[in-house]
Amino acid sequence: MADTPQIVLDERLKKEGIGARLIKRPELGAIAGVVLVTLFFLITADGAMFTLSGIMNFMTPAAQLGILAIGAAMLMIGGEFDLSIGSMVAFAGLIFGACTVTLGLPLLLAIPLTLAVAAGIGAVNGTIVLKTGLPSFIVTLAFLFILRGASLVGLKLASGGSTQLRGVRDAVEGDWLAPFFSGDAFGPIFAWLAQVGVVETFNNGTPKVPGIPVEILWFILLALIATFVLLRTPQGNWIFASGGDRNAASNSGVPVRKVKISLFMFAAICGALVAIITVMDSGSTDARRGFMKEFEAIIAAVIGGCLLTGGYGSAIGAFFGAIIFGMVTIGLTYTNFDQDWFQVFLGGMLLIAVLFNNYIRKRVTGER
Amino acid sequence: MSDIVLKTEGLTKHYGGVHALEGANFEIRRGECVAIMGDNGAGKSTFVRQITAVEQRTSGRIWFNGGHVEFADPLEAREAGIETVFQTLALADHLNVPDNLFLGRELVKFRLGPFSILDYKAMRKATIEGLEKTGVKIPNISNTIQNMSGGQRQCVAIARTATFKSKLIIMDEPTAALGVQETAQVENIVRTLKGQGEPVILISHNMRQVMDLCDRIVVFRRGRIVANLRKDETDGQDVVAYITGAKTQAEYEDVAAA
């Protein structure tokens, strides 16, 4: 045996160029998509879209969707779906609203309580899926209706007959935790940037962009954490293995049940975080909050390179997938196109993304 | 007696009304290679799944390394030193070779409660050493498993057993889907491991392979052990007679007739 182990080279192995290696990255499709959509809007849209305030305009909805999409992507890599995260936004909004308005709890209690309820429901979803062996698609579809219905019933109880619960903004005003979940961050820096002329100002001297909306910071933070977990921790390997082949992972000693239930909980917590941020921003919660967001989140994850079969994908991909979604949603308002084209455009984007990802998957797997 | 690495007594597994394994008494000693043979559905893989705690047995007792053991899950069995190459490979397609070798027991360079960071460098180094130890040639260990041939995958699965300080290696039909050259490579690995004193349980349908590699042959039929034969007191034809039920060893007649 040699003192220093060497990898034996095989003459059949051709050295891959950087291009060939790049194309195997799951997030490539989404990055290419961002470039494509940016080019499209650079040509067709008003220049205002790509000013700082324009970018904030499309990044805000992108971030709200993106937080959900990262949860959905992690779960999809782990081989499961959660169709109830959209309804979870409404339900967690109700819990949060009831905690702050009806019970008058401070954010220090209301936020952990909301996140814990969401995590609990995620755990129930996951446990049912794993105990019964039923597809997560079906189980979470049931929760899509249950949570949506429960939100409606709960809101009527909490508000005394209305489907909307108001007064959240007043209830949380002055709470020291509020700036972490609502409004804009780095206000003083942006005010200074406006003073020195880097950021545009209105006639009265206030900056056109008063700061970075906190959801964008949460979105970036979550994308970074999720990417780190996937690529640098044992748990990341367990997620890929559990999603790729559950039996193989289990035989290898991966705690598949724990991994999958944790992912269901994480997806639900992402839904609750979106609920907290959006409810605090708007000051009220209603039963239609998060409507259809589960599908948009899955679309963003798929655009981001997640395979529907599990075991493959990336959080960074979902990050870019959500940005594409935000650009398309808001971008059309900057163009001369009729708004009615929005869904056609979105569907087209999804189709192109899936075709592109399918092509990449074939390249990666060598069609075995 | 101290030579005995694994011993089972009355190992039984029922799946509802199906009695897949019934009262299996088995033992393997240090440095021994024991073949488990039998028809499809004879209970060979079921037997392995009970030892490795992939499933929990209905009844029976297991001793490993001198002590009575109750493994809760496959990871506990692996940590105790039982390494298994499963019929279905137990590899994650989208992970590379080091990630697969260390799946479920990754090397980490930093740990804080449940949070830890992978030590890729150490895992790569140990992987290359593990591959060396078994003589396995994988051109590029950074490749994901899905890009590898059947033989390479099997070699990775077997190399995994050698990377850790195993006390018993179980291989469930390791060459069933391999070509001639790849089969020879896997058989070489088994010889290398045996030469290093590792006890090996080999489940196989391949008579030549069994006669070539193993010291003893245990035959399963309809969920029961029907023969325990030393290689030098039997031959292929004789073993086939036990597999098909034409013969049963005297000491197993009671259980076989039950």
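Heads up, the Cβ atoms here are built off N, Cα and C, so glycines get one too.
What TrEMBL says about this one:
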- A:28-52: transmembrane segment (TRANSMEM)
- A:58-77: transmembrane segment (TRANSMEM)
- A:89-122: transmembrane segment (TRANSMEM)
- A:134-155: transmembrane segment (TRANSMEM)
- A:176-196: transmembrane segment (TRANSMEM)
- A:216-240: transmembrane segment (TRANSMEM)
- A:261-279: transmembrane segment (TRANSMEM)
- A:291-308: transmembrane segment (TRANSMEM)
- A:315-335: transmembrane segment (TRANSMEM)
- A:341-360: transmembrane segment (TRANSMEM)
Sequence-remote partners of the transmembrane segment (A:315-335) [C-beta within less than 8 Å, at least six residues beyond its ends]: 26-27, 29-31, 33-34, 37-38, 41, 44-46, 48-49, 54, 57-63, 65-66, 69-70, 72-74, 219-220, 222-223, 226-227, 230, 296, 299-306, 341-342, 345-346, 349, 353
Same-chain residues near the transmembrane segment (A:58-77), Cβ under 8 Å, at least 6 residues beyond its ends: 49, 85-86, 89, 213, 215-216, 218-219, 222-223, 226, 230, 239-240, 243, 263-264, 266-271, 273-274, 277-278, 293-294, 296-298, 300-301, 304, 306-308, 310-315, 317-319, 321-323, 325-327, 329-331
Same-chain residue ranges lying at least 6 outside the transmembrane segment (A:261-279) that approach it to Cβ under 8 Å: 64, 67-68, 70-72, 74-75, 78, 80, 82, 84-86, 88-93, 95-97, 111, 114-115, 117-119, 121-123, 125-127, 129-130, 136, 168, 181-182, 214-215, 218, 222, 239, 285, 289-290, 293
